[in-house]
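Database features, via TrEMBL:
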- 1-46: region 'Disordered' (REGION)
- 1-12: compositional bias 'Polar residues' (COMPBIAS)
- 22-44: compositional bias 'Polar residues' (COMPBIAS)
- 119-144: transmembrane segment (TRANSMEM)
- 121-573: domain 'Major facilitator superfamily (MFS) profile' (DOMAIN)
- 156-179: transmembrane segment (TRANSMEM)
- 186-204: transmembrane segment (TRANSMEM)
- 216-237: transmembrane segment (TRANSMEM)
- 244-263: transmembrane segment (TRANSMEM)
- 275-300: transmembrane segment (TRANSMEM)
- 351-377: transmembrane segment (TRANSMEM)
- 389-409: transmembrane segment (TRANSMEM)
- 430-451: transmembrane segment (TRANSMEM)
- 457-479: transmembrane segment (TRANSMEM)
- 491-512: transmembrane segment (TRANSMEM)
- 524-545: transmembrane segment (TRANSMEM)
Amino acid sequence: MDQFDDSSSTSSNEKDAHYNGILNTKSNALNRLPTNRTTRSVRSQAHVDESDLVNLPFRTLTNGAADAALEEYTEETATGQILKQVRSHKTGKIEPWQLVTWTINDPENPKNWSKAYKWWCTMMVAITCFSVAFNSAVITANIRGPAEEFGVSEEVALLSITVFVMGFGLGPMVFAPLSEILGRRIIYATTLLVAVIFIIPGAVSKNITTLLVTRAIDGIAFSAPMTLVGGTLADLWKNEERGIPMAAFSAAPFIGPAIGPLVGGFISDNLGWRWLYWIQLILSAVCWILITFTVPETYAPTLLARRAKKLRQTTGDETFVTELELDERPFTQRLMVFLVRPFQLLCLEPIVLLISLYMSVLYSLLYMFFIAFPIIYQEGKGYSASTTGLMFIPLAVGVIASAICSPLVNKHYLSLMKKFNGRPPPEARLIPMMIFCWFIPVGLFIFAWSSYPALSWAGPAIGGGFPVGFGFIFLYNSANNYLVDSYQHQAASALAAKTCIRSFWGAATVLFTEQMYARLGYQWASSLLGFIALACCAIPYVFYFKGESIRRFSRFAYKGDDEETGVASDMAH
């Protein structure tokens, strides 16, 4: 780790000196205790972007953001403290507390680590994200193998994909709140280890039940890295630095499923279906080793809680705390917020519901391709599994191309921030979706009507795969950003709702895709998907023009300041 990060190699003496520097400011700081509830840091409060909003522990605090000094986690102060007066539950008196913050250019703040080491951490979590997505799709190269060996239908064998993807929807409901309490590193290390261990019984399984149970456990365990990666990148990079790292992360979940069938085809043709699991074991074990032993804790609330604990032990002064230690919800309340709130948003908020449905259609489309490509190329054209895997390359190229173009979209949004004094309306996030949503139905219709067995392989692969892959990242990023900007303090719950319904929808579509193509034919089955995607193109336009009105009557949407009123309508004109 030291070879990448000069700041991470700080000696214990240097760290003690750093803590002593914080302590030396204590007496002077207490003399300046203000009469208002919370002092502001010496730095002016910067614009907090969507990644910071999702990562701040709004759901864990009793009063959310109402009374919390959440700048503790995002700002650096000269003293390493924010002084706060809170009424004691025991004495009823106002008592001073010292919220522990980062100091200016704090070497323990992940955002101040060397750029080389931040890039190392970024690549480790992005590769892990790629690995998880790869594992979900690589087995699609040979579903027939386990079906024949275990004497079951291919529909039953397809459940190995279904239960894995369902785990992606269930896991985040548990691992996201746990990461707020325990930190990110321990969640990465334990869940990846569990996932690696349970790949082994799947690879040597003697019956379909063992295979399905291990795949279900792996799906839940592997969901943790997918849930935490975006937050880890937000921990590492400042707002103005995140463009390229976020583009790399955005591409990984889509490149993985495109590369999975490609690699899996060659492996299954030459080594058999069990090696589709051994390759998962090898890749996942490497990721576990790298992320466990080279990527430290990055979550600011966890790091500052450790600092506060050390300061209390060093000084005997119990007033060194973090905001979470002052105002943490009781466990039962947190459980209700984490598990119930996403479904409240899904049922009561049209924005969350329709955006989630749109993303579910896209996610199911990706997994439908895993079944449709073998049908069209292996069944229709007589290709081998390895040759069919090559047909996924244009899809991957489309994803990479959109990742390369993503910083341009971010640049346009930054120009809107200047236009609206740093506070553009949430609907500004929908502009990329309004432009690129058309790539999906266009690609699907080309895929559909070029899939005749007598026609060239290039039609479905290039004409269909490339535009669909190109549109994915723009739509996903726009959807996530719109939900975050619309719900802000409820953003984590909104994204959890979207992830849950998306995963279950994607898991279900795998089971009926083969029958749909058998009954409707290659052309009309794919066209049906195209018409559904075409209908979904209306969603961003509806919210662009009517989103402000919908949010005004919402119980959970972020209302913002009075100055924001009418901004969206001004933008529409």
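Quick reminder: no glycine exception, Cβ is built from N, Cα and C everywhere.
Keep in mind that what you see is a predicted model, and the values were worked out from it rather than measured.
Long-range contacts of the transmembrane segment (244-263) within the same chain: residues 51, 119, 122-123, 125-127, 129-138, 140-141, 226, 229-230, 233, 236-237, 279, 366-367, 370, 373, 388-390, 392-393, 395-396, 399-400, 402-404, 406-407, 469, 472-473, 476-477, each at least 6 residues beyond the stretch ends and with a Cβ under 8 Å from a Cβ of the stretch.
Counted over residue pairs 6 or more apart, the CB atoms of the transmembrane segment (119-144) and the transmembrane segment (216-237) come under 8 Å in at least three pairs, which marks the two as touching. Over the domain 'Major facilitator superfamily (MFS) profile' (121-573) the predicted model carries a mean pLDDT of 87. If you look at the transmembrane segment (430-451), the same-chain residues 6 or more away from its ends with a CB under 8 A from one of its CBs are 362, 365, 376, 380, 402, 409, 412, 458-460, 463-468, 470-471, 474-475, 477-479, 482, 522-527, 529-531, 533-534, 536-537, 540-541, 543-544, 547. Contact between the transmembrane segment (156-179) and the transmembrane segment (524-545) is not supported, since fewer than 3 Cβ pairs fall under 8 Å when only residues 6 or more apart in sequence are counted. If you look at the transmembrane segment (186-204), the same-chain residues 6 or more away from its ends with a CB under 8 A from one of its CBs are 128, 171, 175, 178-179, 210-211, 214-215, 217-218, 221-225, 228, 274, 277-278, 280-281, 284-285, 287-288, 291-292, 295.
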